[in-house]
Amino acid sequence: MRKKVDERIRTLIENGVKLRHRSMFVIIGDKARDQIVNLHHILSKSVVKSNPSVLWCYKNRLDISSHNKKRAKQLKKMKERGQLDPEKLDAFSLFLDVVDVTHCLYKDSERILGNTFGICILQDFEALTPNLLARTIETVEGGGLVVLLLQSLASLTSLCTMVMDVHDRFRTESHSEASGRFNERFLLSLASCKACVVMDDELNLLPLSSHIKSITKVPTKEDSEALSEAERDLKSLKDALNDDFPVGPLINKCCTLDQGKAVVTFFDAILDKTLRSIVALIASRGRGKSAALGLAVAGAVAAGYSNIYVTAPSPDNLKTVFEFVCKGFDALEYKEHLEYDVVRSVNPEFNKAIVRINIFKQHRQTIQYIQPHEHEKLSQVELLVIDEAAAIPLPVVKSLLGPYLVFLSSTVSGYEGTGRSLSLKLLQQLEEQSRAPVTGVEGSLSGCLFKKIELSESIRYASGDPIESWLNGLLCLDVANCLPNPACHPLPSQCDLYYVNRDTLFSYHKDSELFLQRMMALCVSSHYKNSPNDLQLLSDAPAHHLFVLLGPVDESKNQLPDILCVIQVCLEGQISRKSAEKSLREGHSPHGDQIPWKFCEQFRDVVFPKLSGARIVRIAVHPNAMKMGYGSAAVELLTRYFEGQLASISEGDDELEVEPSPVRVTEAAAKVSLLEEQIKPRANLPPLLVPLRDRRPERLHYIGVSFGLTLDLFRFWRKHKFAPFYISQIPSAVTGEHTCMLLKPLTLSNDEFEVDESDELGFFAPFYKDFRIRFSKLLSDKFKKMDYKLAMSVLNPKINFPEVDLTGNSPDGFLKKLDGVLSPYDMERFRAYTANLVDFNLVYDICKTLAHHYFQEKLPVSLSYVQASVLLCLGLQESDFSSIERQMQLERGQIYSLLLKVGKKLYKYLNGIATKELESTLPRLKDRVLEPHKVSVDEDLREGAKEVEEQMRARIEELLDPELLDQFAIGDKEAEALQKSKISSSGLISIESTKTDNKKEKPSGFDKSAKKRGNDKHSSTSNKKRRA
């Protein structure tokens, strides 16, 4: 049955066409696809030009194939099964055949950037992300339609509980329940969009779109050819410059007055040919920045510039730039293949993007793409174009600037990567230095001429577009003006940290929405690269939490307090041992839990993932409160909070438990039909800001952080006692920075681990020691180009030591033996170098060896910071002297002098070790230990005398024993013999023995006695001769 379309729908579309504003339709129902034909028909009748083109975006499958033959077979089968009404089937089939429909997968949505369509159809709502939403809606021209197709819903509030595809990335092992806060806020925001209609698949308007009940038609202009004031000014500009070559033909390609003025400004700088001139172009998304840059580059080629370099985060970002370079060449009547050639990349990652254009009409000219970190290739450049500079880190952008003409464009609000830091920091610095005298400015940017251009008028649609305002508010894109200056700057010690309740923050209440816009403005103005997807991560991810640092709050004033600092924290860890072992075995890490998985991978440790920790995702300080200590105060308060110093962890206070989840829209909505459902923001919400003393903290073992490694950021975190454990060896292709992760153990972890209480790193100390050794070994290869100041900060070596007594017991860990480190020949060469007898080249190998030992703190020798830096550059990074001169700004003679001082100090210590080793090999007298007597000398003498007297008395008694004296008695015969005997002249006396000899003498014995007598006789003779 035919049904008349609601007149308000037709009026909304016609008003959009007249005002060049876009309209949005949300169609709910299984037959929502059939209403696209009607909406397209209404739009076609309203516009004067040909049928509007259609962009159809989907997740992975279309209900009806986009291929003609496949679609015919598919429709035939559906008709036979009775799944389609023949009348509607013919209408939709005719629609697909007649209308120019571009089908695009969500994952391939980047290829539609820069294109323009009349209608954008989005199906598969569960696959949508904020980035996809902004990217696809941005392609619709003024007067066009945005159509969102939803499956049949019992109520609109069921969108809030819909499981989105992106939620899979938000879930972790310990946090598995993702919320639907973003969908709830999206649904509530539809009621505030004056150009949005929510209806069912029969085009019945739902109560959520009650705001269009009073819609009226916009009066039609009497003169359809009448131009707006901006269009008249653009026409006047084109007529004035029409005869000027080459700027005239290029201005004719411009669509808005802002774009035309930008091209004129670029061309003035080109013709001026002044070195050190910078022209910055900043605007929101869809203002024609890239097109203006492309036309300006074509003009530079016509003006005779030979070497032009173009850079962006990726060659895909330069698609529009190169496209308008070619359009500019067409306007200047350059012929492709005859006067210029286009070279495309063969790198599959660049998707055949244009990377080079060779021009050879007048002389050889080149337009070449380079990556942002390849600034060393800019030696011969005449013009450098930097597109999407907001997505490139500030240090990299600064390294690209030099004594040549620079065109720079930046997106200050959009969806590819926004950042006010470029305009707030770099552009402000350029403005200040352009006013300063050349002699009074230091650095590479001194004396530069600076111009800034801002584009406000959109290319595709007119100003005041309601869809743009709604999208900017929903995704917090244009929040630069939402950040007021702080009323005062209190002392950091007077500030307090508050926990932000996310249910209240994303409830779409007026005050909560203003607070959210200010928070996102702080994040955009920081050094982080921002994306609309970050908003959905903040709202739906179960492990993420928000904290804000506020000054003293005056409760008597009914106004929101000034936000000085925002901290986004992600809870990680509590991973089972089984999951950790599986990850190590398969070499794959799930989404989330960055620090635990990376720690597990680096140290092959399955215990650390079981610990619970918090990763600081971002910390953003108000741009007008930088360098005032607010960031440090926020980190200190957060650390104390998780250590239980602000709110007790161990106490079992029920009122301090995590607040219960409030009633959601889905629970608050009345159980009514879709056509009667009233959607309103929730009431009775908990407080937006919760003091930390009123909320129990999670029990954590550590706090971590991950960021792109820069010197200022690393020093900030090291100041707060965070220690690194991982630095990626491969720098980012976009930023040129190495990813760095740091940890800080909390005091609660010391209660669960056996650690040295004197070591502030606790259980993390051995891992940090291992990291330093690995990092020092990689400095000569993967980190060879790292700035020496950053390398010194990462290593954090101990360079001041007390005097070490080599003769005594030196502390453990110091080098005590030269065996295996330096040979005697090495020591002799080293001695000769310290005595100025040989050149440094002769001991360069020794320098590398000793550098590794010194930075492992095995050589307790005190060095100055400059001396240690030179030793690091030569010994660890193995840099040449030219590189050291350039980095440290020292003369070569000064470097040699520093090396000699270092050598003398190291040789003194090593020579002491060698001397000690030599002394240990020499023989030594045995040391006798003299102990004091236990008795005095007099007592010792008395005891000795007593012992001697007793011995003498016992001996006398033995001698006077009668039995012993009997052996000396003289017998009768002996007495008689003595009386009668006389000594003969020979002197021999014969005594007859009374004892009988029973043994017979042996002949051999006789011989021996004879021989003995002979010997005695000979001996007697010799003695007589000696006496004579």
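Using the three backbone atoms N, Cα and C, a Cβ is placed for every residue, glycine included.
What you see is a predicted model, and the numbers here were worked out from it, not measured in a lab.
Taken verbatim from Swiss-Prot:
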- Gly286, Arg287, Gly288, Lys289, Ser290, Ala291, Ala292, Leu293, Gly294, Leu295, Arg460: ATP binding site (BINDING)
- 548-731: domain 'N-acetyltransferase' (DOMAIN)
- Ile619, Ala620, Val621, Met626, Lys627, Met628, Gly629, Tyr630, Gly631, Ser632, Lys719: acetyl-CoA binding site (BINDING)
- 989-1028: region 'Disordered' (REGION)
- 994-1009: compositional bias 'Basic and acidic residues' (COMPBIAS)
Where Gly629 (acetyl-CoA binding site) sits in the secondary structure, as DSSP reduces it to three classes: coil
Distance from Gly288 (ATP binding site) back to Ile619 (acetyl-CoA binding site), taken between C-alpha atoms, in Å: 33
Of the binding-site residues listed as Val621, Lys627, Gly631, Lys719, the one whose CA lies nearest the CA of Gly294 (ATP binding site): Val621
List of residues, in chain order, with Cβ under 8 A from that of Gly286 (ATP binding site) and at least 6 apart: Glu138, Ser458, Ile459, Arg460
Greatest C-beta neighbour count within 10 angstroms, which of the binding-site residues Ile619, Val621: Ile619
Assigned element (helix, strand, coil) containing Ile619 (acetyl-CoA binding site), judged by DSSP: strand
Rounded Cα-Cα span from Ala292 (ATP binding site) to Gly629 (acetyl-CoA binding site), Å: 42
PLDDT averaged over the residues of the domain 'N-acetyltransferase' (548-731): 85
Fewest other Cβ within 10 angstroms of its own Cβ, chosen from the binding-site residues Arg460, Lys627, Lys719: Lys627
DSSP-derived structure type at Gly288 (ATP binding site), helix or strand or else coil: coil
Length of the line joining the Cα atoms of Gly288 (ATP binding site) and Lys719 (acetyl-CoA binding site), in Å: 44
Residue pair Ser290 (ATP binding site), Lys719 (acetyl-CoA binding site) - Cα distance, angstrom, rounded: 42
Residues Ile619, Ala620, Val621, Met626, Lys627, Met628, Gly629, Tyr630, Gly631, Ser632, Lys719 [recorded acetyl-CoA binders]: greatest CA to CA distance in Å: 17
Which same-chain residues, if any, lie at least 6 apart from Gly631 (acetyl-CoA binding site) yet have Cβ under 8 Å of it: Cys565, Ile619, Val621, Phe716
Cβ packing number for Gly294 (ATP binding site), 10 Å threshold: 30
Neighbouring C-beta atoms (10 Å sphere around the C-beta of Ser290 (ATP binding site)): 25
Spatial separation of Lys627 (acetyl-CoA binding site) from Ala292 (ATP binding site) - C-alpha basis, Å: 37
Lowest local Cβ density among Gly288, Gly629, which the record lists as binding-site residues, within 10 Å: Gly629
Ala292 (ATP binding site) CB neighbourhood, other CB atoms within 10 A: 32
